[in-house]
Amino acid sequence: MKQELIERFTRYVKIDTQSNEESHTVPTTPGQIEFGKLLVEELKEIGLTEVMMDDNGYVMATLPANTDKDVPVIGFLAHLDTATDFTGKNVKPQIHENFDGNAITLNEELNVVLTPEQFPELPSYKGHTIITTDGTTLLGADDKAGLTEIMVAMNHLIHNPQIKHGKIRVAFTPDEEIGRGPAHFDVEAFGASFAYTMDGGPLGGLEYESFNAAGAKLTFNGTNTHPGTAKNKMRNATKLAMEFNGHLPVEEAPEYTEGYEGFYHLLSLNGDVEQSKAYYIVRDFDRENFEARKNNVKNIVKNMQEKYGEDAVVLEMNDQYYNMLEKIEPVREIVDIAYEAMKSLDIEPNIHPIRGGTDGSQLSYMGLPTPNIFTGGENYHGKFEYVSVDNMEKAVQVIVEIARRFEEQA
């Protein structure tokens, strides 16, 4: 199993599937289509049925039941795309067997070093096989680790028919990283009673609370004139952007928050005197606090418009997803079974809120309750990203055990 995980994962991460916030196609990038087509063929090779990829790039497949019991249909999902925060082109995965727990020089030329000082969890992986980047790209374990684990788990179940299970549905979705994953997901066609996303982080992660999330695009319009004669004429759009940011609470940013604390996060800022554009994300677990944060953004914009003119600041703000807890609580048994599955495998469940979102955040509100399970990855979205193959193997075991327990309890 370990070799299959390594082979699939290292092959998958070399395919550039970064999504693109600026694109209006579905999926937003051709790499996701290319990857989806490959997975369709490999799902067929494994032996799954009803394998298809629709016009929007969603891949679905079925592992038929091998029991006569009336078992609810369960689903397992992962996403095709990788994050846009750092380049995902020309990924060169590096395999470190029997890791010694010490610092790893990812790239000597660029002096990129993965150190225990910066990443204190690193020594806990001593003895594991870990896969890192070469220091020039992200790895793409988010979510190609989860995707690989689903593929390997389905292969394992097919080759071990003594493990009884009900009908299992598999889906791989595009554009999760930009919040569009479930936008065209056909819940009815998927046909599962509930599902699990394999899109978590370190060993034991079991998550069914997510942020409420919104994205805010701000355009600041200035007036450019020669600086020598600019008095009472120039309006500097870049300074307007700085002023807006200055009205947000400094301590309510990602770098100062944890646990259940929400934040405002400036993702990008670019422009000049004439025009500047900023993109923020707004996050909070509590719905009332979430609405208050959005209203704060609107009020800052309104005050700046009154001060500089209505055209000085233009705001586009949209909700992206909501806290899935509200939809998971009525079917809490799906969390309990995942919890029990982990315990039976000597994995200590780590239940905590997702300081982010998964496809499950939206799918839960579309009628498909979907908690999230660990994949074994660390430090997502950057050059220090890595994954433990040992913990990927444990994630596969959790998938198999969840399927087995649902059949056993039917």
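Including glycine, each Cβ sits where the backbone N, Cα and C put it.
Note that the structure is predicted; figures quoted are calculated from it, not measured.
Among the candidates ASP54, ASP55, ASP186, ASP199, the residue that Swiss-Prot annotates alongside HIS79, ASP142 as binding Zn(2+) 1 is ASP199.
Of the residues GLU97, GLU177, GLU188, GLU340, Swiss-Prot puts just one in the Zn(2+) 2 site with ASP142, HIS381: GLU177. A separation of roughly 8 Å, to the nearest angstrom, links the Cα atoms of HIS381 (Zn(2+) 2 binding site) and ASP142 (Zn(2+) 1 binding site). Look at ASP199 (Zn(2+) 1 binding site): DSSP puts it in coil. Calculated from their C-alpha atoms, the gap between GLU177 (Zn(2+) 2 binding site) and ASP142 (Zn(2+) 1 binding site) amounts to 9 Å.
Each residue contributes its Cα atom, and for GLU176 (active site, proton acceptor) and HIS79 (Zn(2+) 1 binding site) those atoms are 6 Å apart.
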